[in-house]
Every structure is written in structure tokens, then in C-alpha cells.
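Colleague: Features from TrEMBL:
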type     : residues : note
TRANSMEM : 20-42    : transmembrane segment
TRANSMEM : 62-83    : transmembrane segment
TRANSMEM : 90-110   : transmembrane segment
TRANSMEM : 122-143  : transmembrane segment
TRANSMEM : 155-173  : transmembrane segment
TRANSMEM : 204-222  : transmembrane segment
TRANSMEM : 255-274  : transmembrane segment
TRANSMEM : 286-314  : transmembrane segment
TRANSMEM : 326-346  : transmembrane segment
Amino acid sequence: MKKLLERRLAPAESTSALMLTSCCGIVTAFVIAGLLFIPFGGNPLSAYGFLFDAAFGSLSSVGLSIVQSTPLMLIALATIVVWRAGLGYIGFEGCFLLGAAAASWIALSGTPQGFPWAIPALLYWPLVLIAAFLAGAIWAGWVGALRVRFGGNDVLISLMANYVALFIVQYLVSGPMRAPGDLPQTPRLPVDSWLPFVMTGMRAHWGIAIALVATVFVFWLMRATPAGFEIKIAGLNARAARYSGVDVNRRQMGAVLLGGGLAALAGLCAVLGVQHRLMEGISGGVGFIGVVVALLARLNPLLVIPTAILYGGLEVGGSAMQRQTGLPTSVVLILQSLVVLLILAGDLLRYYRINLPILRKTRSPMVEKQS
């Protein structure tokens, strides 16, 4: 009896193969989740109608999906840079929080809760971007140094560093940056410090421009520069890279610093574009969801854009679908989880061919013709 799955001679790496496996995973996830709606009295077609209408049905809904996807793009790009260098860093949640704190501190300049001196409007945006980026880079840098210089476990250290960053933000919003007589949060940031909307009637802010510029930069860095080539070589085989003259420690540290800075810019977009104040729970686990987006994009910078928008649309549309249909929240979460699992599971078809009898019959004449 022949095996159901037959290993391919070489994995299918074409763009069409990636798109086909991803689309099959998405369709299968929606079919399975739709069947789960029925026991709860939900109509799958109408439920999905609510989902797609809330996510992409109008200019306003598209804007909401873009707002949701902007920090995911930046954290996914950070994941790509760091993981391509061969590191297992997962401390992007902490970088996000420190970037949001630094951006809030600069935005509140001239007040007791912020930078002591008022910043001229001309210098505000360069300073707030640099401050947020440096905060994330420094926070990721000490973890990277422990890994690169002393061989520490970067996965465990970076995971624990997330909690330290969380406690730092809790201290700031409960202490020196707290609004007088208010909840544990900063005062509302000045309107002039907010990221402006892209256009009237659309909730998307100019943080999407930061994410798109970062995407182009990371793609150029990894595909068209010697530094990017050395980062990938260091990640694939550090020993071989050292024998070929690559300064592996330098490239890995550079990747960690860049990744931490990009994740911190995601925090800047959240606090200046959406929340307009620093508060507890501002991240909402986005540092880990961004890692999932990077995996769904197969660590490809250009695929991060549609993947993040799709995931952001699922979050926006899933909430609307739950409100309109009365389905349990758990069912919506199952849909999101199935999309992730089945897209990743679809990669199996890039390495194995389904060996059904009907498919063998259609392939055999082609093989005979080629022979």
C-alpha cells in the first residue's frame, strides 16, 4: 500500500505554491469554523458577511483593520531581522512597552510627567522617533549581549525581560508619570503630539507609513546589502560564517538592536496613534501576535504587509461578528487560531505530495510523456 504523502524531491518554493497553500489553509479554517457556528444557532454565511463587512466593507472599516495591523507589521519585521540572525529572541512585548513609554515621555515634554523642557514643534517628530527606537534597541541590546557575549539562553531571558518591562511601565504610570488624581495612567497626550489620520473618514493614522518604510528598509537590507547577507549566513551556520570571515557577534548584535528598535516603534504607533496616553495593558499581547504574523509570512518582509492586514481584519471583523450574531467569544478565537494553524500546516504540502490514486493516474501520463 502506497503512502498517502510522498516526499517531494525538493520543496516547492515558488510564490504560487506559497499562495496556494496559504489560501487552502484559510479556506479550510473558515469551513471548519463555520461548522462550529451551527450548534450555537449561527448561520456561517451571515456571520462571515458581518466579519468581512466590518473588516473591509467600507473606508472606515479598512482604516480600523490597518490601525490594528500597523504594530503587527513592525513587530513581525523585528522578528524577521532577529530570527534570520539565528537568535530566538521573543522579547518584543517589552520593547513595545518601553517604546510607548519613551514616546509618551517626549510627548509630555514641558509637564511634570514628561521631559523637563518643552520641545519645539520642528524637533518633536525626529526626537520622539529616535527616543522610542533607542529605548527598544537598548532594552533588546542587553538581552542580546548576554546571548552573544556569554551564551545565555536568549529565549528564556527575553521572555522574563517582558515582565520586567511590564513592571517598569506599571511603576511609571503609578508614580512619576501618573496623571494627578486619576487612574494608573499618564495625562492625555497633547493633540499636537498625536499621529495624524491619513485621510478624513478613515481611522488609519500615519503610523502605517512608518510600517511601510520599515518594510521596504528591511527588504532592502536583507536582500540587497552585504550586511543582510552576513546576517542570514550567521543565522544559517554561525561556525561556517566565522570561517568565511563574518563577524557573527557584530551581525547578531546589530540585528537585535534593529529588531528592538522596530518593536519599540510599534509601541510609539499605539500610544501616539490610538490610545493617546500610556496605561497598563496597552500592549494587549501584540508582541507575541507579531511573531505569529512573521511566521505566517514565512519570514518574508513583503509578505508581512498582507498577512498583518489579514490578521488585523480578523481581529476587527471577529469582534463585530461576535456582537452581531451573539456567538461565544471562544468561537471567534477558534476561528483566528484555525487560520494560523492551518496556514502553517499547509507548508506540509510544500514538502510532501498527496499520493491519492486519482492524482497518480493524472500524473502518470505526464511522466510517461516526459520520459
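Residue numbers in this text run from 1 along the chain shown.
Glycine is no exception: its Cβ is also placed from the backbone N, Cα and C atoms.
TrEMBL labels come from automatic prediction, so no person has curated them.
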Colleague: Where, among 90-110, 155-173, 286-314, do we find the most CB pairs under 8 A to the transmembrane segment (122-143)?
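Modeller: If we count Cβ pairs closer than 8 Å to the transmembrane segment (122-143), 90-110 scores highest.
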Colleague: So if I exclude everything within five residues of the ends of the transmembrane segment (62-83), which remaining residues of that chain have a CB under 8 angstroms from its CBs? That is, six or more out.
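Modeller: Answer is 54-56, 89, 92, 95-96, 140, 198, 201-205, 207-208, 210-212, 214-215, 218, 221-222, 231, 235, 255-256, 258-263, 265-267, 269-270, 273-274, 286-287, 289-291, 293-295, 297, 299-301, 304-305, 307-309, 311-313, 315-317.
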Colleague: By a Cβ-Cβ criterion of under 8 Å, what residues six or more beyond either terminus of the transmembrane segment (204-222) are in contact with it?
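Modeller: Tertiary neighbours of the transmembrane segment (204-222) are 62-64, 66-67, 70-71, 73-74, 77, 80-81, 84, 129, 194-198, 228, 231-232, 262, 265, 268-269, 272-274, 301-302, 304-305.
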Colleague: Looking at 20-42, 255-274, 326-346, which one has the highest count of Cβ pairs under 8 angstroms to the transmembrane segment (90-110)?
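Modeller: Answer, by Cβ pair count: 255-274.
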